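What TrEMBL lists as domain 'Pyrrolo-quinoline quinone repeat' is 294-407. Annotation source TrEMBL lists repeat 'WD' at 158-199, 202-244, 292-323.
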Amino acid sequence: MLETTGAETVIASDDDVKSIVGGDRVVDFASYLRQVQPPVQVDGTLGLLCIEDVISHERKRTLARRNITSADRSEWPDVTLDGAGHPGDRHVFIGPTKAKVRQMKLRQLIFANPRDPSASCKHFSLSPDGNLLAVSFRGSDILVWRIFDGLLVQRLHHQGHMEPVLFLEFSPNNHSLVTGSEDATAIIWNIRDDHALLRLRLEGHRGAVRRVVYAPHGALIATISDGDESVKIWNASTGACLHSFDVEQNVWQVAFSLDGSRVYINIHDSYLIYDTQTYTPIAEVRHDNCEMSVSQQGDRIITGSRDDRVKIWSATTGKKLLTINYPRKLSYPVAFSPDGAEVLAACDAGKTAVTFDSWTGQLHHVHELSMVLNHASYSAHGDYVALEESRGSLCICDAKSGVFLARFEQLGDEGHRRDGPRFVLSGQNLVVALARPMSSSPGARSIPQGLLLMYTANLRMGDDQVKSARREQKPCI
């Protein structure tokens, strides 16, 4: 590093060195550094090794070296470099508080339909193992990318949908994908060979299939159709329609319990809980004009409504367990943390996101925003929470301490919460759907609307302030 920078002294922490080396066993560290050439910030005769720049630098090297191997061809016969995620840079603001931020450059991947780069994104889904990203761009094709290197590994279209795809979801085993379309059908795909395994023709549905959901065990699929007043349950292996729940109201959401034994159906003023073995009703949760979220443990439901109330219910009996008390009005979106210990709700009047103990209702943190909360997403292990505002800016906070970590600006207006930002399984990357044209960095050309960006962010960048805040329990301000 001294040879290439002109600095007389270079300072690096043990964590910096570990991040450079990764899992490699290095004997000659000097030769290794000459090969890797990590970036160094030089101030006079002093050089500082910046871990964020190291990560960005290594990401750039990885993407520059990407190619298609014989192993890739064996697993993905249709893999191609054409349409691979396009690398770029984006500025993010990090700091101990929003008032004391510094600008940092992070790497990003831009995903677009190579046949129509201006096509907007309708929906995207991440595979449960965090390796794949599937996207529909308001057309009938579904594109699948490999996340770690951005290669386009599949385009699903053979004997597929006749109209645009509205919703898609990976199977729990990562091997197949179910899609719902304006053509009133749902299709289960083998994502490895572009083969439609099953076509679920939704007799009785009167419109487009706008939501398709796998049960966690993968054996069942639920579908919702526009203009219909029913939810249909399907055998994911045979395509047989097992049952139709006629609820006599338009259905907003549907979800399965962790073991697949119950299905939760959200209509205008309530949640209906049904047994998926006998198809008999179990309970009805009444909460006007609400949205819900089911805990990952499958034991509780949280509902948020415009009536100021956030409530927590038993997912097995429908019994109300807790009403959150807060001096200002609370609303949706609502969410459980991955371990179920915390819940998050929006406070539109205060332009904040507020977290509470999910069992006692005790206040945890108040995250102050510039606009009302549009979407909230926890990382897989609950370390971080992403808070998307109504105008498209995005804040990342440490979930345990509430400390502010980073802010992304001008990601575009998001008209709905269905496809808000999502963490990839590792918790180090984010996937975001754009809703309007934007510029990737100051002075750069505009990126068309609807494209997806994957931000490769080492969210440990705020470790010192996080440790301090966890000791002091300092809120995100």
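Every residue, even glycine, has its Cβ placed from backbone N, Cα and C.
All TrEMBL annotations are machine predictions without curation.
Residues of the same chain lying 6 or more positions beyond the ends of the repeat 'WD' (158-199) and with a Cβ under 8 Å from any Cβ of it are 75-78, 122-129, 131-132, 134, 136, 138-142, 144, 205, 207-214, 216-218, 221, 223, 225, 234, 236, 238-239. Across the repeat 'WD' (292-323), the DSSP tally of helix, strand and coil residues reads 0 helix, 18 strand, 14 coil. The repeat 'WD' (158-199): residue composition by secondary structure is 0 helix, 23 strand, 19 coil, according to DSSP.
Across the repeat 'WD' (202-244), the model assigns an average pLDDT of 86.
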